[in-house]
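*Asks:* After the C-alpha coordinates below, expect a handful of questions from me.
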Amino acid sequence: MEPVYLTFILMLSIFVGFELITKVPATLHTPLMSGANAISGVTVVGAISLAGTGQQDLANWLGAAAVALASINVVGGYMVTDRMLAMFKKKGA
Amino acid sequence: MSGLAIQMAYVVAAALFIFGLKLLGSPASARRGNLLSAVGMLLAVVAALLDQGIVEYQWILLGFAVGGVIGAAAARLVQMTSMPEMVALFNGFGGMASLLVGAAALGTSTATFTLVTIVLSILIGGLTFTGSLVAWGKLSEKIGSGAIMFSGQKIVNSLIVLAILASAVMFCLQPENLNWLFLLIALSLLFGVMAVIPIGGADMPVVISLLNSYSGLAACAAGFAVNNNILIVAGALVGAAGIILTQIMCKAMNRSLSNVLFSGFGSVKTTATVIEGEIKPISSDDAFYVLEAATNVAIIPGYGMAVAQAQHAVKELCELLENNGAEVNFGIHPVAGRMPGHMNVLLAEADVPYDQLLEMDDINPRMENVDVAIVIGANDVVNPAAREVESSPIYGMPVIDVASARTVFVLKRSMASGFAGIENPLFYKDNTRMLFGDAKETINALIREFS
(Lines of atoms letter the chains of each structure in order from A and count residues from 1; the text may use other names and numbers.)
(Lines give C-alpha, C1' and ligand atoms only; values in the text may rest on other atoms or scores of the structure.)
Protein backbone atom coordinates (compact mmCIF):
# COMPACT_ATOMS: atom_id res chain seq x y z
CA MET A 1 0.00 0.00 0.00
CA GLU A 2 2.78 2.42 0.91
CA PRO A 3 4.25 2.72 -2.63
CA VAL A 4 0.80 3.41 -4.07
CA TYR A 5 0.16 6.09 -1.49
CA LEU A 6 3.52 7.78 -2.13
CA THR A 7 3.00 7.69 -5.89
CA PHE A 8 -0.38 9.30 -5.39
CA ILE A 9 1.28 12.19 -3.54
CA LEU A 10 3.86 12.45 -6.30
CA MET A 11 1.24 12.72 -9.02
CA LEU A 12 -0.75 15.42 -7.21
CA SER A 13 2.41 17.45 -6.48
CA ILE A 14 3.42 17.39 -10.13
CA PHE A 15 0.03 18.75 -11.18
CA VAL A 16 0.15 21.49 -8.55
CA GLY A 17 3.69 22.36 -9.66
CA PHE A 18 2.69 22.67 -13.33
CA GLU A 19 -0.30 24.85 -12.46
CA LEU A 20 1.73 27.21 -10.27
CA ILE A 21 4.77 27.58 -12.44
CA THR A 22 3.12 28.25 -15.78
CA LYS A 23 1.83 31.47 -14.19
CA VAL A 24 5.28 32.83 -13.37
CA PRO A 25 6.24 35.64 -15.82
CA ALA A 26 9.50 35.53 -17.79
CA THR A 27 10.89 38.40 -15.69
CA LEU A 28 11.03 36.12 -12.67
CA HIS A 29 12.42 33.00 -14.29
CA THR A 30 15.89 33.31 -12.76
CA PRO A 31 14.63 33.88 -9.20
CA LEU A 32 12.12 31.07 -9.74
CA MET A 33 14.94 28.79 -10.69
CA SER A 34 17.16 29.64 -7.73
CA GLY A 35 14.15 29.54 -5.40
CA ALA A 36 13.15 26.13 -6.73
CA ASN A 37 16.75 25.09 -6.33
CA ALA A 38 16.62 26.07 -2.67
CA ILE A 39 13.49 23.95 -2.27
CA SER A 40 15.28 20.97 -3.81
CA GLY A 41 17.64 21.25 -0.85
CA VAL A 42 14.79 19.65 1.11
CA THR A 43 16.94 16.54 0.77
CA VAL A 44 18.44 17.90 3.99
CA VAL A 45 15.39 16.52 5.82
CA GLY A 46 16.16 13.04 4.54
CA ALA A 47 19.84 13.55 5.36
CA ILE A 48 19.06 14.59 8.95
CA SER A 49 17.14 11.42 9.65
CA LEU A 50 20.06 9.35 8.37
CA ALA A 51 22.89 11.30 10.02
CA GLY A 52 21.51 11.18 13.53
CA THR A 53 20.35 7.62 13.98
CA GLY A 54 23.59 6.64 15.70
CA GLN A 55 23.90 3.43 13.72
CA GLN A 56 26.80 2.55 11.44
CA ASP A 57 29.67 4.97 10.92
CA LEU A 58 29.27 4.98 7.18
CA ALA A 59 25.63 6.10 7.29
CA ASN A 60 26.61 8.86 9.71
CA TRP A 61 29.35 10.12 7.45
CA LEU A 62 27.22 10.00 4.34
CA GLY A 63 24.38 11.69 6.19
CA ALA A 64 26.62 14.47 7.51
CA ALA A 65 28.07 15.10 4.05
CA ALA A 66 24.55 15.17 2.61
CA VAL A 67 23.44 17.62 5.30
CA ALA A 68 26.37 19.89 4.42
CA LEU A 69 25.75 19.80 0.67
CA ALA A 70 22.02 20.27 1.01
CA SER A 71 22.47 23.19 3.43
CA ILE A 72 24.64 24.97 0.88
CA ASN A 73 21.68 24.61 -1.45
CA VAL A 74 19.09 25.74 1.08
CA VAL A 75 20.92 28.64 2.70
CA GLY A 76 22.63 29.87 -0.47
CA GLY A 77 19.54 29.37 -2.62
CA TYR A 78 17.13 31.31 -0.41
CA MET A 79 19.60 34.11 0.29
CA VAL A 80 20.54 34.70 -3.31
CA THR A 81 16.91 34.57 -4.42
CA ASP A 82 16.03 37.17 -1.83
CA ARG A 83 18.93 39.32 -2.98
CA MET A 84 17.69 39.14 -6.57
CA LEU A 85 14.06 39.78 -5.72
CA ALA A 86 14.97 42.80 -3.61
CA MET A 87 16.25 44.41 -6.83
CA PHE A 88 13.00 44.14 -8.75
CA LYS A 89 11.24 47.47 -8.51
CA LYS A 90 8.26 49.11 -10.09
CA LYS A 91 8.70 52.42 -11.85
CA GLY A 92 8.85 55.31 -9.39
CA ALA A 93 9.01 53.00 -6.37
CA MET B 1 7.49 14.88 19.34
CA SER B 2 5.18 12.14 18.18
CA GLY B 3 5.14 10.79 14.66
CA LEU B 4 1.80 12.36 13.91
CA ALA B 5 2.92 15.85 14.93
CA ILE B 6 5.98 15.53 12.71
CA GLN B 7 3.86 14.46 9.77
CA MET B 8 1.54 17.40 10.34
CA ALA B 9 4.53 19.76 10.38
CA TYR B 10 5.55 18.33 7.00
CA VAL B 11 2.07 18.96 5.65
CA VAL B 12 2.24 22.61 6.76
CA ALA B 13 5.74 22.92 5.24
CA ALA B 14 4.44 21.57 1.92
CA ALA B 15 1.60 24.09 1.99
CA LEU B 16 4.12 26.90 2.61
CA PHE B 17 6.23 25.75 -0.37
CA ILE B 18 3.17 25.73 -2.61
CA PHE B 19 1.95 29.11 -1.42
CA GLY B 20 5.47 30.54 -1.74
CA LEU B 21 5.65 29.41 -5.37
CA LYS B 22 2.25 30.95 -6.00
CA LEU B 23 3.45 34.33 -4.71
CA LEU B 24 6.46 34.08 -7.05
CA GLY B 25 3.95 34.69 -9.86
CA SER B 26 4.24 38.48 -9.55
CA PRO B 27 7.28 40.69 -8.94
CA ALA B 28 5.36 42.62 -6.26
CA SER B 29 4.77 39.59 -4.03
CA ALA B 30 7.72 37.42 -5.04
CA ARG B 31 9.97 38.38 -2.16
CA ARG B 32 7.31 37.45 0.38
CA GLY B 33 6.82 34.17 -1.47
CA ASN B 34 10.48 33.31 -1.17
CA LEU B 35 10.42 34.13 2.54
CA LEU B 36 7.37 31.92 3.04
CA SER B 37 9.06 29.06 1.26
CA ALA B 38 12.12 29.52 3.50
CA VAL B 39 9.89 29.38 6.59
CA GLY B 40 8.47 26.12 5.23
CA MET B 41 11.99 24.74 4.91
CA LEU B 42 12.86 25.78 8.47
CA LEU B 43 9.73 24.08 9.76
CA ALA B 44 10.57 20.87 7.88
CA VAL B 45 14.12 20.88 9.23
CA VAL B 46 13.01 21.49 12.82
CA ALA B 47 10.43 18.73 12.55
CA ALA B 48 13.08 16.35 11.24
CA LEU B 49 15.41 17.27 14.11
CA LEU B 50 12.71 16.51 16.68
CA ASP B 51 12.19 13.05 15.26
CA GLN B 52 12.46 10.45 18.04
CA GLY B 53 14.90 8.40 15.98
CA ILE B 54 17.50 11.16 16.15
CA VAL B 55 19.94 10.43 18.96
CA GLU B 56 23.19 11.97 17.73
CA TYR B 57 23.16 15.61 16.81
CA GLN B 58 26.87 16.31 16.42
CA TRP B 59 27.06 15.05 12.82
CA ILE B 60 24.02 17.03 11.80
CA LEU B 61 25.23 20.24 13.39
CA LEU B 62 28.64 19.87 11.80
CA GLY B 63 27.02 19.44 8.39
CA PHE B 64 24.77 22.45 8.93
CA ALA B 65 27.62 24.67 10.05
CA VAL B 66 29.85 23.80 7.10
CA GLY B 67 27.09 23.98 4.48
CA GLY B 68 25.41 27.07 5.91
CA VAL B 69 28.59 29.12 5.99
CA ILE B 70 29.57 28.14 2.45
CA GLY B 71 26.07 28.78 1.11
CA ALA B 72 25.68 32.14 2.81
CA ALA B 73 29.11 33.34 1.70
CA ALA B 74 28.49 32.28 -1.89
CA ALA B 75 25.07 33.96 -1.98
CA ARG B 76 26.45 37.25 -0.68
CA LEU B 77 29.59 37.38 -2.78
CA VAL B 78 28.32 36.24 -6.17
CA GLN B 79 28.11 38.84 -8.93
CA MET B 80 24.77 39.09 -10.69
CA THR B 81 26.51 38.41 -13.99
CA SER B 82 27.77 35.08 -12.62
CA MET B 83 24.32 33.91 -11.54
CA PRO B 84 24.07 31.12 -14.16
CA GLU B 85 27.30 29.54 -12.92
CA MET B 86 26.18 29.66 -9.33
CA VAL B 87 22.76 28.18 -9.97
CA ALA B 88 24.46 25.39 -11.92
CA LEU B 89 26.83 24.71 -9.03
CA PHE B 90 24.05 24.72 -6.40
CA ASN B 91 22.04 22.32 -8.55
CA GLY B 92 25.01 19.99 -8.53
CA PHE B 93 25.28 20.05 -4.73
CA GLY B 94 21.58 19.24 -4.44
CA GLY B 95 22.06 16.28 -6.77
CA MET B 96 25.04 15.01 -4.80
CA ALA B 97 23.12 15.32 -1.53
CA SER B 98 20.33 13.19 -2.97
CA LEU B 99 22.85 10.62 -4.16
CA LEU B 100 24.32 10.40 -0.65
CA VAL B 101 20.89 10.11 0.97
CA GLY B 102 20.00 7.36 -1.49
CA ALA B 103 23.23 5.49 -0.74
CA ALA B 104 22.88 5.94 3.02
CA ALA B 105 19.29 4.65 2.88
CA LEU B 106 20.65 1.27 1.87
CA GLY B 107 20.30 -1.02 4.83
CA THR B 108 17.07 0.55 6.07
CA SER B 109 15.06 -1.86 3.97
CA THR B 110 15.63 -4.49 1.32
CA ALA B 111 12.18 -4.32 -0.25
CA THR B 112 12.47 -4.22 -4.05
CA PHE B 113 10.51 -0.98 -4.23
CA THR B 114 12.97 0.73 -1.88
CA LEU B 115 15.93 -0.65 -3.80
CA VAL B 116 14.55 0.66 -7.10
CA THR B 117 14.06 4.13 -5.59
CA ILE B 118 17.60 4.01 -4.19
CA VAL B 119 18.86 3.25 -7.69
CA LEU B 120 16.87 6.19 -9.05
CA SER B 121 18.10 8.68 -6.47
CA ILE B 122 21.72 7.62 -7.03
CA LEU B 123 21.36 7.72 -10.79
CA ILE B 124 19.57 11.07 -11.07
CA GLY B 125 21.60 12.61 -8.24
CA GLY B 126 24.91 11.49 -9.73
CA LEU B 127 24.19 12.67 -13.23
CA THR B 128 22.90 15.98 -11.88
CA PHE B 129 26.11 16.43 -9.91
CA THR B 130 28.65 15.89 -12.68
CA GLY B 131 26.37 17.36 -15.37
CA SER B 132 26.09 20.54 -13.31
CA LEU B 133 29.84 20.65 -12.74
CA VAL B 134 30.42 20.46 -16.50
CA ALA B 135 27.78 23.17 -17.09
CA TRP B 136 29.47 25.30 -14.42
CA GLY B 137 32.83 24.77 -16.08
CA LYS B 138 31.46 25.79 -19.47
CA LEU B 139 29.66 28.86 -18.13
CA SER B 140 32.62 30.13 -16.15
CA GLU B 141 34.86 29.27 -19.12
CA LYS B 142 37.05 27.01 -17.05
CA ILE B 143 36.57 24.59 -19.92
CA GLY B 144 35.73 25.44 -23.54
CA SER B 145 32.09 26.41 -23.95
CA GLY B 146 31.75 24.74 -27.33
CA ALA B 147 30.21 21.35 -27.99
CA ILE B 148 32.64 18.48 -27.46
CA MET B 149 32.07 15.71 -29.98
CA PHE B 150 34.11 12.67 -30.88
CA SER B 151 33.58 9.78 -33.23
CA GLY B 152 31.79 6.83 -31.71
CA GLN B 153 30.19 9.05 -29.06
CA LYS B 154 26.77 7.49 -29.58
CA ILE B 155 28.19 3.98 -29.19
CA VAL B 156 30.06 4.91 -26.00
CA ASN B 157 26.94 6.51 -24.53
CA SER B 158 24.77 3.54 -25.43
CA LEU B 159 27.27 1.25 -23.72
CA ILE B 160 27.16 3.40 -20.58
CA VAL B 161 23.36 3.22 -20.53
CA LEU B 162 23.46 -0.55 -20.92
CA ALA B 163 26.03 -0.83 -18.14
CA ILE B 164 23.83 1.31 -15.87
CA LEU B 165 20.82 -0.90 -16.55
CA ALA B 166 22.83 -4.04 -15.90
CA SER B 167 24.37 -2.80 -12.65
CA ALA B 168 20.99 -1.49 -11.49
CA VAL B 169 19.44 -4.93 -11.96
CA MET B 170 22.37 -6.64 -10.23
CA PHE B 171 22.18 -4.17 -7.35
CA CYS B 172 18.50 -4.93 -6.82
CA LEU B 173 19.21 -8.67 -6.89
CA GLN B 174 22.22 -8.50 -4.55
CA PRO B 175 21.88 -5.39 -2.37
CA GLU B 176 24.35 -6.85 0.13
CA ASN B 177 27.17 -6.74 -2.42
CA LEU B 178 28.40 -3.14 -2.17
CA ASN B 179 30.43 -3.41 -5.39
CA TRP B 180 27.24 -2.98 -7.44
CA LEU B 181 26.45 0.16 -5.48
CA PHE B 182 29.89 1.63 -6.16
CA LEU B 183 29.69 0.69 -9.83
CA LEU B 184 26.30 2.35 -10.09
CA ILE B 185 27.59 5.55 -8.49
CA ALA B 186 30.63 5.66 -10.78
CA LEU B 187 28.52 5.08 -13.89
CA SER B 188 25.97 7.75 -12.97
CA LEU B 189 28.78 10.27 -12.43
CA LEU B 190 30.32 9.36 -15.77
CA PHE B 191 26.95 9.59 -17.51
CA GLY B 192 26.44 13.19 -16.27
CA VAL B 193 29.71 14.24 -17.87
CA MET B 194 28.94 12.49 -21.15
CA ALA B 195 25.45 13.99 -21.28
CA VAL B 196 26.53 17.62 -20.98
CA ILE B 197 29.85 17.84 -22.86
CA PRO B 198 28.24 17.64 -26.34
CA ILE B 199 25.96 20.61 -25.58
CA GLY B 200 27.24 24.02 -26.65
CA GLY B 201 27.11 27.29 -24.72
CA ALA B 202 24.15 28.72 -26.64
CA ASP B 203 21.96 25.90 -25.36
CA MET B 204 22.90 26.49 -21.72
CA PRO B 205 19.53 28.01 -20.69
CA VAL B 206 17.95 24.67 -21.60
CA VAL B 207 20.61 22.65 -19.83
CA ILE B 208 20.44 24.71 -16.63
CA SER B 209 16.67 24.40 -16.37
CA LEU B 210 16.83 20.69 -17.16
CA LEU B 211 19.44 20.10 -14.46
CA ASN B 212 17.29 22.12 -12.07
CA SER B 213 14.46 19.74 -12.82
CA TYR B 214 16.74 16.74 -12.25
CA SER B 215 17.87 18.03 -8.85
CA GLY B 216 14.19 18.08 -7.85
CA LEU B 217 13.55 14.62 -9.23
CA ALA B 218 16.61 13.32 -7.35
CA ALA B 219 15.22 14.72 -4.09
CA CYS B 220 11.89 13.13 -4.99
CA ALA B 221 13.49 9.71 -5.57
CA ALA B 222 15.42 10.06 -2.29
CA GLY B 223 12.05 10.77 -0.65
CA PHE B 224 10.73 7.45 -1.89
CA ALA B 225 13.89 5.73 -0.65
CA VAL B 226 13.61 7.07 2.90
CA ASN B 227 9.80 7.11 2.91
CA ASN B 228 9.41 10.82 3.44
CA ASN B 229 6.45 12.79 2.08
CA ILE B 230 7.95 16.26 2.23
CA LEU B 231 10.86 15.20 0.02
CA ILE B 232 8.44 13.78 -2.54
CA VAL B 233 6.19 16.85 -2.61
CA ALA B 234 8.98 19.44 -2.69
CA GLY B 235 11.03 17.41 -5.16
CA ALA B 236 8.07 17.04 -7.50
CA LEU B 237 7.38 20.79 -7.35
CA VAL B 238 10.97 21.55 -8.34
CA GLY B 239 10.92 18.84 -11.00
CA ALA B 240 7.79 20.36 -12.54
CA ALA B 241 9.28 23.89 -12.40
CA GLY B 242 12.39 22.77 -14.23
CA ILE B 243 10.45 20.89 -16.90
CA ILE B 244 8.25 23.90 -17.63
CA LEU B 245 11.20 26.28 -17.91
CA THR B 246 12.95 23.77 -20.16
CA GLN B 247 9.90 23.66 -22.38
CA ILE B 248 9.72 27.47 -22.55
CA MET B 249 13.41 27.69 -23.48
CA CYS B 250 13.04 25.03 -26.17
CA LYS B 251 10.04 26.81 -27.64
CA ALA B 252 11.98 30.08 -27.70
CA MET B 253 14.62 28.38 -29.82
CA ASN B 254 12.13 26.46 -31.93
CA ARG B 255 13.83 23.19 -31.11
CA SER B 256 12.71 20.02 -29.48
CA LEU B 257 14.28 18.84 -26.25
CA SER B 258 15.77 15.77 -27.91
CA ASN B 259 17.24 18.10 -30.52
CA VAL B 260 19.11 20.02 -27.81
CA LEU B 261 20.22 16.93 -25.95
CA PHE B 262 21.42 14.90 -28.87
CA SER B 263 22.88 17.41 -31.29
CA GLY B 264 24.70 20.70 -30.87
CA PHE B 265 24.12 23.69 -33.11
CA GLY B 266 27.66 23.07 -34.29
CA SER B 267 26.83 19.80 -35.98
CA VAL B 268 24.31 21.44 -38.32
CA LYS B 269 25.88 21.98 -41.72
CA THR B 270 26.17 25.67 -42.42
CA THR B 271 25.45 26.40 -46.04
CA ALA B 272 27.20 29.58 -47.09
CA THR B 273 24.43 32.11 -47.57
CA VAL B 274 25.24 34.99 -49.85
CA ILE B 275 24.43 38.20 -48.04
CA GLU B 276 23.88 41.36 -50.05
CA GLY B 277 24.87 44.78 -48.81
CA GLU B 278 27.78 46.12 -46.82
CA ILE B 279 28.73 46.80 -43.24
CA LYS B 280 28.29 50.43 -42.26
CA PRO B 281 30.16 51.43 -39.11
CA ILE B 282 29.17 54.60 -37.30
CA SER B 283 31.02 56.72 -34.75
CA SER B 284 29.54 57.44 -31.35
CA ASP B 285 29.12 61.16 -32.06
CA ASP B 286 27.08 60.40 -35.18
CA ALA B 287 25.09 57.86 -33.22
CA PHE B 288 24.42 60.51 -30.59
CA TYR B 289 22.75 62.84 -33.13
CA VAL B 290 20.42 60.08 -34.25
CA LEU B 291 19.58 59.16 -30.65
CA GLU B 292 19.00 62.78 -29.66
CA ALA B 293 16.33 63.08 -32.33
CA ALA B 294 14.67 59.77 -31.42
CA THR B 295 11.35 59.72 -29.55
CA ASN B 296 11.00 55.97 -29.30
CA VAL B 297 13.97 53.76 -28.43
CA ALA B 298 14.10 50.01 -27.92
CA ILE B 299 17.11 48.35 -26.28
CA ILE B 300 17.75 44.67 -26.93
CA PRO B 301 20.32 43.24 -24.52
CA GLY B 302 22.18 39.97 -24.93
CA TYR B 303 25.00 38.05 -23.36
CA GLY B 304 27.45 40.72 -24.59
CA MET B 305 25.90 43.16 -22.14
CA ALA B 306 26.52 40.71 -19.29
CA VAL B 307 30.13 40.11 -20.34
CA ALA B 308 30.86 43.83 -20.58
CA GLN B 309 29.00 44.43 -17.26
CA ALA B 310 27.31 47.24 -19.12
CA GLN B 311 23.93 47.13 -17.34
CA HIS B 312 24.56 50.20 -15.18
CA ALA B 313 25.78 52.24 -18.14
CA VAL B 314 22.69 51.11 -20.07
CA LYS B 315 20.44 52.35 -17.27
CA GLU B 316 22.22 55.72 -17.28
CA LEU B 317 21.78 56.06 -21.05
CA CYS B 318 18.16 55.05 -20.65
CA GLU B 319 17.59 57.87 -18.14
CA LEU B 320 19.29 60.45 -20.36
CA LEU B 321 17.10 59.41 -23.28
CA GLU B 322 13.97 59.66 -21.15
CA ASN B 323 14.96 63.11 -19.90
CA ASN B 324 15.37 64.01 -23.54
CA GLY B 325 11.71 63.11 -24.10
CA ALA B 326 12.09 59.65 -25.61
CA GLU B 327 10.14 56.55 -24.64
CA VAL B 328 12.55 53.74 -23.83
CA ASN B 329 11.68 50.07 -23.65
CA PHE B 330 13.68 46.89 -23.39
CA GLY B 331 13.01 43.88 -25.58
CA ILE B 332 13.93 40.68 -23.80
CA HIS B 333 14.27 37.44 -25.73
CA PRO B 334 13.59 34.36 -23.57
CA VAL B 335 16.97 32.79 -24.31
CA ALA B 336 19.10 35.94 -24.22
CA GLY B 337 21.99 35.27 -21.88
CA ARG B 338 22.92 31.98 -20.27
CA MET B 339 19.91 31.16 -18.13
CA PRO B 340 16.16 31.84 -18.28
CA GLY B 341 15.49 35.45 -17.29
CA HIS B 342 19.19 36.31 -17.07
CA MET B 343 18.75 39.76 -18.68
CA ASN B 344 15.88 40.66 -16.36
CA VAL B 345 18.05 40.09 -13.31
CA LEU B 346 20.94 42.15 -14.68
CA LEU B 347 18.66 45.06 -15.56
CA ALA B 348 16.92 44.82 -12.20
CA GLU B 349 20.35 45.06 -10.57
CA ALA B 350 20.85 48.33 -12.45
CA ASP B 351 17.44 49.55 -11.15
CA VAL B 352 15.62 49.36 -14.47
CA PRO B 353 11.92 49.07 -13.52
CA TYR B 354 10.46 45.73 -14.53
CA ASP B 355 7.44 47.24 -16.29
CA GLN B 356 9.86 48.66 -18.85
CA LEU B 357 11.03 45.17 -19.79
CA LEU B 358 8.92 43.76 -22.61
CA GLU B 359 8.83 40.17 -23.75
CA MET B 360 9.46 39.32 -27.37
CA ASP B 361 5.78 38.99 -28.27
CA ASP B 362 4.98 42.38 -26.76
CA ILE B 363 7.77 44.35 -28.36
CA ASN B 364 7.63 42.92 -31.88
CA PRO B 365 4.31 44.57 -32.88
CA ARG B 366 5.72 47.90 -31.64
CA MET B 367 8.96 47.68 -33.61
CA GLU B 368 7.62 49.61 -36.61
CA ASN B 369 7.18 52.70 -34.44
CA VAL B 370 10.65 52.48 -32.95
CA ASP B 371 13.08 55.16 -34.14
CA VAL B 372 16.23 53.51 -32.89
CA ALA B 373 16.71 49.90 -31.81
CA ILE B 374 19.95 49.42 -29.88
CA VAL B 375 21.22 45.85 -29.92
CA ILE B 376 23.76 45.31 -27.14
CA GLY B 377 25.83 42.18 -27.52
CA ALA B 378 22.97 40.08 -28.87
CA ASN B 379 23.38 38.19 -32.12
CA ASP B 380 21.24 35.17 -32.70
CA VAL B 381 18.10 36.45 -30.98
CA VAL B 382 17.84 39.33 -33.49
CA ASN B 383 18.97 37.42 -36.56
CA PRO B 384 16.45 37.94 -39.39
CA ALA B 385 17.81 34.79 -41.05
CA ALA B 386 15.53 32.92 -38.64
CA ARG B 387 12.58 34.39 -40.58
CA GLU B 388 13.98 34.75 -44.07
CA VAL B 389 16.61 32.15 -44.84
CA GLU B 390 15.15 28.67 -44.98
CA SER B 391 18.53 26.97 -45.10
CA SER B 392 19.70 28.69 -41.91
CA PRO B 393 20.20 26.42 -38.88
CA ILE B 394 18.11 28.78 -36.78
CA TYR B 395 15.27 29.03 -39.34
CA GLY B 396 11.93 29.08 -37.54
CA MET B 397 13.30 30.34 -34.22
CA PRO B 398 11.24 33.32 -33.04
CA VAL B 399 13.44 36.43 -32.95
CA ILE B 400 13.08 40.07 -31.99
CA ASP B 401 12.28 41.89 -35.20
CA VAL B 402 14.69 44.81 -34.87
CA ALA B 403 15.07 45.13 -38.64
CA SER B 404 11.66 46.82 -38.88
CA ALA B 405 12.79 49.68 -36.66
CA ARG B 406 13.77 52.86 -38.53
CA THR B 407 17.40 52.64 -37.48
CA VAL B 408 19.29 49.83 -35.81
CA PHE B 409 22.51 50.31 -33.85
CA VAL B 410 24.42 47.11 -33.23
CA LEU B 411 26.98 47.27 -30.42
CA LYS B 412 29.53 44.59 -31.00
CA ARG B 413 33.18 43.98 -30.33
CA SER B 414 34.02 42.64 -33.78
CA MET B 415 32.39 41.06 -36.78
CA ALA B 416 32.76 37.59 -35.29
CA SER B 417 29.52 35.62 -35.49
CA GLY B 418 27.47 34.86 -32.37
CA PHE B 419 27.38 31.79 -30.21
CA ALA B 420 25.46 29.79 -32.79
CA GLY B 421 28.24 30.56 -35.27
CA ILE B 422 25.94 31.86 -37.99
CA GLU B 423 26.25 34.95 -40.16
CA ASN B 424 23.76 37.68 -39.37
CA PRO B 425 22.22 39.44 -42.40
CA LEU B 426 20.96 42.15 -40.04
CA PHE B 427 24.42 43.71 -39.99
CA TYR B 428 24.27 44.25 -43.75
CA LYS B 429 20.82 45.86 -43.90
CA ASP B 430 20.41 49.43 -45.15
CA ASN B 431 19.11 50.76 -41.85
CA THR B 432 21.77 49.08 -39.66
CA ARG B 433 24.82 50.87 -38.29
CA MET B 434 27.59 49.09 -36.42
CA LEU B 435 29.11 50.58 -33.27
CA PHE B 436 32.27 48.56 -32.76
CA GLY B 437 33.93 48.24 -29.38
CA ASP B 438 33.30 47.07 -25.83
CA ALA B 439 29.61 47.62 -25.04
CA LYS B 440 30.29 49.45 -21.79
CA GLU B 441 32.80 51.85 -23.34
CA THR B 442 30.57 52.53 -26.33
CA ILE B 443 27.61 53.36 -24.10
CA ASN B 444 29.75 55.51 -21.85
CA ALA B 445 30.92 57.41 -24.92
CA LEU B 446 27.26 58.04 -25.83
CA ILE B 447 26.54 59.17 -22.26
CA ARG B 448 29.41 61.66 -22.43
CA GLU B 449 27.93 63.10 -25.63
CA PHE B 450 24.65 63.70 -23.83
CA SER B 451 26.11 65.46 -20.81
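Cβ atoms here come from the backbone N, Cα and C positions, even for glycine.
Those TrEMBL annotations? Automatic predictions, nothing curated.
Annotations per TrEMBL:
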type: DOMAIN; residues: B:7-448; note: domain 'NADP transhydrogenase beta-like'
type: TRANSMEM; residues: B:6-24; note: transmembrane segment
type: TRANSMEM; residues: B:33-50; note: transmembrane segment
type: TRANSMEM; residues: B:56-75; note: transmembrane segment
type: TRANSMEM; residues: B:87-107; note: transmembrane segment
type: TRANSMEM; residues: B:113-135; note: transmembrane segment
type: TRANSMEM; residues: B:180-199; note: transmembrane segment
type: TRANSMEM; residues: B:230-250; note: transmembrane segment
*Asks:* In the same chain, who gets a Cβ under 8 Å from the transmembrane segment (B:180-199) while lying at least 6 residues past its ends?
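*Replies:* 99, 103, 106, 119, 122-135, 138, 147-149, 153, 156-157, 160-161, 163-164, 167-168, 170-171, 174, 206-207, 260-264.
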*Asks:* Under an 8 Å Cβ to Cβ limit, what residues of the same chain, 6 or more beyond the ends of the transmembrane segment (B:230-250), are close to it?
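*Replies:* Same-chain residues near the transmembrane segment (B:230-250) but 6 or more away: 10, 13-14, 17-18, 21, 44, 205-206, 209-224, 256-257, 259-260, 334-335, 340.
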*Asks:* Quick one: mean pLDDT on the domain 'NADP transhydrogenase beta-like' (B:7-448)?
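*Replies:* A mean pLDDT of 89 is what the model gives the domain 'NADP transhydrogenase beta-like' (B:7-448).
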